[in-house]
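So the structure is just underneath, and the comments pick up after that.
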Amino acid sequence: MSTTLSSPTRPLQPFSVRHAARLPLMVTATLLIAMFLIGSLLYEGFFSGQVLLNVLIDNGFLLVVAIGMTFVILTGGIDLSVGSMVALSTMLTAWLVEQNGAPLALAAPLVLLVGAASGALMGWVIHTFEIQPFIVTLAGMFLARGLCYTISTDSISLTDPTTTRIAQTRVLLPGGLFISPAVVIAVIVLALAFVVLHHTRFGRTVYAIGGNEASARLMGLPVGRTKVAVYAVSGLCSALGGLLLTFYMLSGYALHAVGMELDAIAAVVIGGTLLTGGSGFVLGTALGVTVLGLIQTIISFQGTLSSWWTRIVIGGLLFVFILLQRLFGGSRPALRRVLGSGRTRPRRPGGEGVGALAERDC
Amino acid sequence: MTPPDDIGAGGRRPARAPGARRLTRHRLFWPATFLASLLLGNVAFTHDFFAVRVQNGHLYGSLIDILQFGAPLILVSLGMTLVIATRGIDLSVGSTVAIAGALACEHIATAKDPGSLPTVLSAITLAVGVAAAIGLLNGLLVARLYVQPIVATLVLMVAGRGVAQLITDGQIISVSSSAYKMIGGGYWLTLPFAVLLAAALVAVTSFVTRRTALGMLIESVGGNPVASRLVGVRAAGLLVMVYVVSAVCAAVAGLMISSNVSSADGNNAGLWIELDAILAVVIGGTALTGGRFSVGGTVLGALIIQTLSTTIYTLGVPPETTLVFKALVVMAVCLVQSPAFRARLSRRRRPAASAPAVGDAGVRQQEVHP
């Protein structure tokens with residue numbers, strides 16, 4: 001078939017695994033509750049709604065970026081350029097507003113447009129020239145980070161009154177709690193993504209491509225258009241995340257969001273989305289981001305643990321969830337011959353498990 | 001081995017002189033030409049670019065600098081080549097570089113006698129041993145649990161830098177050990193020791209992979225896992241081996257980098273070197289889809305990247321913008337390697353000819369490189 005050279009083919013997900021696919025999500029939810037309870041028991045002042053809301057305030061931009069990443073990973077692709085796109089967006093916003101005197105109302109849509117357009121361009125290259133998403137978005141990552149430096153190698157701080165006013169705005173909730181406008185935007189994006197992925201034709205196509213691109217194409221689904229759109233969504237989300245980060249940091253800097261692509265991928269995986277595509281939930285991604293945020297909160301409450309423990313714990317969680325996905329994510333995927341790229345062996349009626357095992361060791 | 005019909009669409013090109021054609025179709029022709037033109041371009045800006053002089057019994061000059069600073073990248077790319085040949089990828093090498101440097105420097109800094117040879121040797125053994133364990137973990141995840149390589153190695157890419165900082169306690173550890181300094185900054189037989197070490201490892205690797213069946217087995221696993229299993233190749237052992245080799249190469253590179261600056265920085269040592277290494281491998285003509293590899297091409301690729309960085313410094317362009325040039329080079333190389341792009345190009349060039357459809361080119365490419 002014509003897809004042999006495109007992104008690695010993925011194992012077929014049988015239809016009977018709906019509840020099995022939700023297992024990582026359950027684990028994440030349980031983990032979240034357990035972490036919150038343990039934190040509350042260990043540290044004074046941990047058990048409050050504001051601590052949870054602060055997690056969202058500090059990670060609203062990551063949530064938006066991770067939502068975009070969810071779209072891409074659901075199609076079986078990957079977008080390594082998001083961290084750099086976030087940095088480029090902060091840089092562009094700061095440059096336009098601070099050094100060119102452009103009003104924020106003009107700069108923000110422009111930045112979003114740049115993000116969506118560069119995402120779409122990467123998607124187009126990936127689809128048209130059948131180059132692996134990994135390498136195309138890697139080039140995008142280099143390019144965006146390099147373009148940041150061509151704007152300025154120093155940090156540009158924002159003093160524009162509109163921007164600072166938005167950054168200092170607090171949305172008050174009942175009970176004396178508050179959130180930032182960024183959280184509101186992130187939640188709106190989450191709701192939109194949920195509706196788009198689960199209740200529109202586009203969303204079903206995203207899952208179909210992730211499940212099996214060749215089948216999706218044979219079914220007459222618009223594979224090319226959808227793949228381009230998915231990367232455009234990811235670019236748009238990273239540009240929006242960049243805008244939110246600009247408000248959070250009140251500066252544009254080429255070294256903002258270094259390694260954010262890893263955090264976003266980790267959040268998506270911990271949220272129960274299969275990295276091979278075709279199975280996952282955008283709400284799980286929100287849980288994943290909250291787990292990452294809670295890890296940081298617990299470590300800062302602990303006080304004696306250094307910040308690098310965050311990375312180690314996230315890596316450990318990633319490891320556990322990847323193992324979970326392998327062991328429970330499909331029907332006996334560990335028994336199947338999915339060497340490296342995850343290529344499936346032809347399925348024969350009956351006796352797949354034992355036969356595959358016996359043959360593998362021949 | 002790469003069959004002579006290497007360039008998919010090249011067969012229908014207008015005939016050139018047979019000698020020239022064989023030359024331009026050699027798989028190292030384009031990387032070598034690119035490197036040569038980069039080097040020659042430098043002469044336009046720095047007239048004594050090719051000058052190599054002897055000073056204190058050591059060779060000095062821009063070319064030697066490129067070799068010396070490029071040596072760690074050559075090593076990391078060497079391991080990466082084997083991994084990519086099996087259709088895998090190793091994202092954890094940057095973290096391994098940091099961990100190896102941190103372990104060795106921590107060991108030497110806390111030792112009673114930092115300058116002595118046994119201390120340095122045990123530090124090296126420690127670093128390489130831990131790296132081998134890292135490679136083993138990656139390899140087992142890929143070969144036994146069938147986790148996608150990009151995912152399996154992502155775990156250590158995320159966690160590894162944290163581990164490196166844990167080892168150095170978040171500090172930059174400085175060591176003053178003349179024996180350790182030898183690895184990355186020393187000279188032997190007038191040449192930088194790092195260059196000799198890298199050359200030796202490259203020579204051993206290409207000898208082992210090209211003079212024994214090992215290279216062919218690796219290519220068969222990457223080219224067609226199912227077929228290689230059917231002919232009885234034990235893929236699991238090979239996969240574990242390439243990940244271990246990759247991690248060990250990264251560890252040696254980490255020793256070189258930390259030894260060159262006499263300090264270990266868990267945060268920044270080897271940052272993004274995995275991406276540079278992948279880039280070097282791709283420039284060298286090893287396809288990311290696996291199934292064939294070229295050690296010579298990878299060395300050329302790594303040297304191209306190092307020369308590019310040196311050129312940027314020479315031109316006085318802000319060094320940070322190197323990233324933009326790298327991005328352009330990646331895209332250009334990937335497009336040239338993409339069968340779909342070639343098919344489009346040849347179709348546009350001669351619309352009358354029956355150019356293969358995009359899919360056909362893909363299938364043919366697979367058949368040509370079993």
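Just so you know, glycine gets a Cβ as well, placed from its N, Cα and C.
The annotation transmembrane segment is assigned in TrEMBL to B:28-46 (among others).
Cβ atoms under 8 Å from those of the transmembrane segment (B:66-84) belong to residues 90, 93, 97, 149, 184, 192, 194-195, 197-198, 201-202, 205, 209, 218, 222, 242-243, 245-250, 252-254, 256-257, 270, 273-274, 276-278, 280-281, 284, 286, 288, 290, 293-295, 298-299, 301-303, 305-307, 309-310 of the same chain, restricted to positions at least 6 beyond its ends. The transmembrane segment annotation in TrEMBL covers B:66-84 (among others).
Using a Cβ-Cβ cut-off under 8 Å and counting only residues 6 or more beyond its ends in the same chain, the transmembrane segment (B:91-109) has close neighbours at 72, 76, 79-80, 119-120, 122-124, 126-128, 130-131, 134-135, 138, 150, 153-157, 159-161, 163-165, 167-168, 173-175, 177, 180, 246-247, 249-255, 257-259, 263-267, 269-274, 277. The transmembrane segment annotation in TrEMBL covers B:91-109 (among others).
Residues or ranges marked as transmembrane segment by TrEMBL: B:121-143 (among others). Under 8 Å from some Cβ of the transmembrane segment (B:121-143) lie the Cβ atoms of residues 88, 90, 92, 96, 99-101, 103-105, 107-108, 111, 149, 152-153, 155-156, 160, 180, 183, 235-237, 239-248, 250-252, 254-255, all in the same chain and six or more residues away from its ends.
The transmembrane segment annotation in TrEMBL covers B:150-167 (among others). Listed as Cβ neighbours of the transmembrane segment (B:150-167) (distance under 8 Å, sequence separation of 6 or more from its ends, same chain) are residues 89-92, 94-96, 98-99, 101-103, 106, 134, 137-138, 141-142, 243, 264, 266-267, 269, 274.
The transmembrane segment annotation in TrEMBL covers B:187-208 (among others).
Sequence annotations record features per position, and here TrEMBL assigns transmembrane segment to B:238-257 (among others).
When Cβ-Cβ distances below 8 Å are used as the criterion, the transmembrane segment (B:269-288) is approached by residues 27-28, 30-31, 34, 72-74, 76-77, 79-81, 84-85, 89-98, 101-102, 157, 164, 250, 253-254, 257-258, 294, 296-302, 304-305, 326, 329-330, 333-334, 337, 369 of the same chain, each at least six residues removed from its ends. The transmembrane segment annotation in TrEMBL covers B:269-288 (among others).
The feature transmembrane segment is assigned by TrEMBL to B:295-317 (among others). With a cut-off of 8 Å between Cβ atoms, the residues of this chain six or more beyond the transmembrane segment (B:295-317) that come close are 27-28, 31-32, 34-35, 38-39, 41-42, 45-46, 49, 62, 65-67, 69-70, 73-74, 77-78, 80-81, 202, 205-206, 209-210, 276-277, 279-286, 325-326, 329.
The transmembrane segment annotation in TrEMBL covers B:323-341 (among others).
Counting residues 6+ beyond its ends, the transmembrane segment (B:187-208) has Cβ neighbours under 8 Å at 54, 57-59, 64, 67-68, 71-72, 74-75, 78, 82, 214-215, 245, 249, 252, 256, 260, 295-296, 299 in the same chain.
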